[in-house]
Ligand SMILES: Cc1cc2nc3c(=O)[nH]c(=O)nc-3n(C[C@H](O)[C@H](O)[C@H](O)COP(=O)(O)OP(=O)(O)OC[C@H]3O[C@@H](n4cnc5c(N)ncnc54)[C@H](O)[C@@H]3O)c2cc1C
């Protein structure tokens, strides 16, 4: 997801003084105007019930529907098949920003907390909305509107390679959850972060290591693939030293397995000098073409620079963000029947 581009471009979410006129602005400015839950046009109040730090700059925010009404059908539908977001409003500055709800932790949690929305939110240096949200104490009201469906998975999807940078992990987790409805599907998630603190304790699954070399079976046997930072002492409980998002990814892996699918994860950390390499993708694309156009997908979500590096810039046309041509590293690779989508 070109996560900052929509505000650097035409800034469609900004409502400045000059535009406070039409119906849209009226809706935007209305305080807690409806007593329904999430709605695409009207902001609805949610209560910040929990804020769990993930790292020094990011936290998981849990928001509870202010009216305690059941989740609307639009959200239930959005959860099922793809990537979706909601917008949060900063009431003093009258700005709104998009955030991507994390998938629910478990089926049981769905039943108990049916109308909770959870977000991984990074505090951007100098960022108006993200700093505002991080300053809010528990119990505060945050107004949200949505959902906006950003991407719908094709029905016949078989395999997904997901390149995620930073908070681009949230849409990747939505896709992992949605794929649980496609038995036999496989997802290869390659998650890059600047610092280890974002993915503490995250261990690689597949047969590549993060320096892009093929792993040797004897290294696997001896556990030598793990870097010092990744190694856990013998007897360490499963969740000890694991970041909150890493724990959630591991839970998603379990749920994928139970749904006869597969979720493989590779972690990359800039400060450990491990970077996603084209060869890491090529190794996941080795299998023979399968039937069905669009059934093998490469999805990319993260900061603008990350998306541009891998797939070229997204563009603004007539006030809408569009895919733009395929550029970057992927344009130089033999993609076979794999389709690319920039989130
Ligand atoms: C569909 C979608 C989903 C998203 N989901 C998430 C999510 O789940 N989690 C998440 O954390 N984020 C997400 N984002 C990003 C989020 O919407 C915000 O863009 C982000 O929180 C920063 O907003 P802000 O108001 O804090 O920063 P802003 O105030 O808009 O500033 C952003 C950055 O630009 C810099 N900047 C601001 N103005 C200028 C200027 N004039 N010149 C140069 N630099 C400038 C700031 O210093 C800051 O680093 C998503 C974005 C989209 C489009």
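Backbone N, Cα and C define each Cβ position, glycine as well.
Per TrEMBL, these features apply:
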BINDING   97, 99, 120, 129, 130  FAD binding site
DOMAIN    41-154  domain 'FAD-binding FR-type'
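Structure coloured by features recorded in TrEMBL.
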| residue | record | DSSP class |
| --- | --- | --- |
| 97 | FAD binding site | strand |
| 120 | FAD binding site | strand |
| 129 | FAD binding site | helix |
Among 120, 129, the most crowded of the binding-site residues [Cβ within 10 Å]: 120
Sparsest-packed of the listed binding-site residues (97, 99, 130) - C-beta count within 10 angstroms: 130
For the domain 'FAD-binding FR-type' (41-154), what is the mean per-residue pLDDT, to the nearest integer? 92
Within 8 Å of the centroid of the Cβ atoms of 97, 99, 120, 129, 130, which other residues of that chain place their own Cβ, given that this set defines the recorded FAD site? 88, 98, 119, 121, 122, 127, 133
